[in-house]
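The block underneath contains the structure these notes are about, expressed in structure tokens.
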Amino acid sequence: MGRRGVTKKRNRIDRVKTRVVVLGSTGSIGTQALEVMADNPERFELVGISAHGSKPDVLAQQVRDFGLDLGRVAVASEHTAEWLDGEFGAHCIRGKDSARELVEAVGPELGECDVILNALVGSLGLDATLATLGTKAKLALANKESLVAGGQLVLKAADEGQLIPVDSEHSAMAQCLRSGRVDEVDSLVLTASGGPFRGYTRAQLEDVTPLQAANHPTWSMGQMNTLNSATMVNKGLELIEASLLFGIPAEKIDVTVHPQSIVHSMVTFIDGATIAQASPPSMKLPISLALGWPDRIADAQPKLDFTEATDWHFEPLDDEVFPAVILARQAVTAGGTMPAVYNAANEEAAVEFLNGRLSFPRIVDTVAATMEACQHLSAEPNDLEDVLAAEREARAKAHERMATWLSD
């Protein structure tokens, strides 16, 4: 017997499985999350999923692989829901509010769920985020747009430690911030790969195509996130999210271009020390950390190999060619629902670009013009309807501005 009665079995830890619901299960983050859970069956149990329904075969295979009860599967598409019912001889949750309805059906007070991963795309994820926080389940948040749009509304709904970031940058910051107190932070540094158009001029960007924008140099992501990375709007959204999550003013959050995407974020403290989190570019590490927080999951992804010669390069972001980050700082400073305006305008402009009707630089031009037209929307929202109203106005203003360019 060892000291204090500890035997040779001291490394054994009896764990209760963490029960997880994944919203957006057929997307890039969702599918990787399911892979993490499949690789760690002793740690995680999948109890529910939601999806839009645009990939019915993938969705059906997930149901089979994890032996899910169809009553814990939510599908936005009525057509896919009917097909799924026929495949399994049961009834799934369906309709545009199905993700929220799933969340409300499996909260921890009902004894079914511990963690809900919100991997939905766009500000449509806000409703599910607020519903999750209401259940008191841990929220693993990959849907950055819901925090950007909801702002203080989301933060006020969250209990201490309830909201865990999944974005690689914010996961990295959360890890780095363990090295000191928030009042000891001098600045946060977000890293950006630079996207497929790093080094381009504004004139060169005029002719880029949606196919070119989809070719990210280091990350494999969904269509919208890949486009946002190309415009640097993704980095603007991450700046807003970091300011909200960690309580750091926007002017103390910097962005640097790091093409290798190995250093995911850094925190500089008041004594001059800079703490960085580095790992190969893979979302499985931040996903596994969010699902298991605060514990780490062994072998979540390959480790860096320092026996090989490696160069890590950093350079400043060209704000004149890529002004999205400057606009994001302005949105944080304006406050209220201005971050929601920023996001909504981008969502509308991105669709026009992807459909071949708007040039690439006009995406961020639309965001700037919409923010200018919506300066009065700087009051803090009282409820979800205030956010939705601001988004509706922003989307309308964005289309008014784009119409002048589309008619040229």
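Cβ coordinates are placed from backbone N, Cα and C, and glycine is handled just like the others.
As annotated by Swiss-Prot, NADPH binding site applies to Thr26, Gly27, Ser28, Ile29, Asn143, Glu145, Gly222. Long-range Cβ neighbours of Glu145 (NADPH binding site) (same chain, at least 6 residues apart, Cβ-Cβ under 8 Å): Val121, Gly122, Ser123, Gly125, Leu126, Leu237, Asn343, Glu347.
Annotated 1-deoxy-D-xylulose 5-phosphate binding site per Swiss-Prot: Lys144, Ser168, Glu169, Ser193, His216, Ser229, Asn234, Lys235, Glu238, in sequence order. In the three-state DSSP assignment, the secondary structure recorded for Asn234 (1-deoxy-D-xylulose 5-phosphate binding site) is helix. For Asn234 (1-deoxy-D-xylulose 5-phosphate binding site), the same-chain residues lying six or more positions away in sequence with a CB closer than 8 A to its CB are Asn225, Asn228.
The Mn(2+) binding site feature in Swiss-Prot is assigned to Asp167, Glu169, Glu238. DSSP assigns Asp167 (Mn(2+) binding site) to coil, not to a helix or a strand. For Asp167 (Mn(2+) binding site), the same-chain residues 6+ apart in sequence whose C-beta sits under 8 angstroms from its C-beta are Ala142, Lys144, Glu238, Glu241, Pro286.
The binding-site residues under consideration are Glu169, Glu238. Their Cβ neighbour counts within 10 Å are lowest for Glu169. Thr26 (NADPH binding site) sits 20 Å from His216 (1-deoxy-D-xylulose 5-phosphate binding site), taking the Cα positions as reference. His216 (1-deoxy-D-xylulose 5-phosphate binding site) sits 14 Å from Ser28 (NADPH binding site), taking the CA atoms of both as reference points. When the Cα atoms are compared, Ile29 (NADPH binding site) and Glu169 (1-deoxy-D-xylulose 5-phosphate binding site) turn out to be 15 Å apart. Between the C-alpha atoms of Gly222 (NADPH binding site) and Glu169 (1-deoxy-D-xylulose 5-phosphate binding site), the distance comes to 17 Å.
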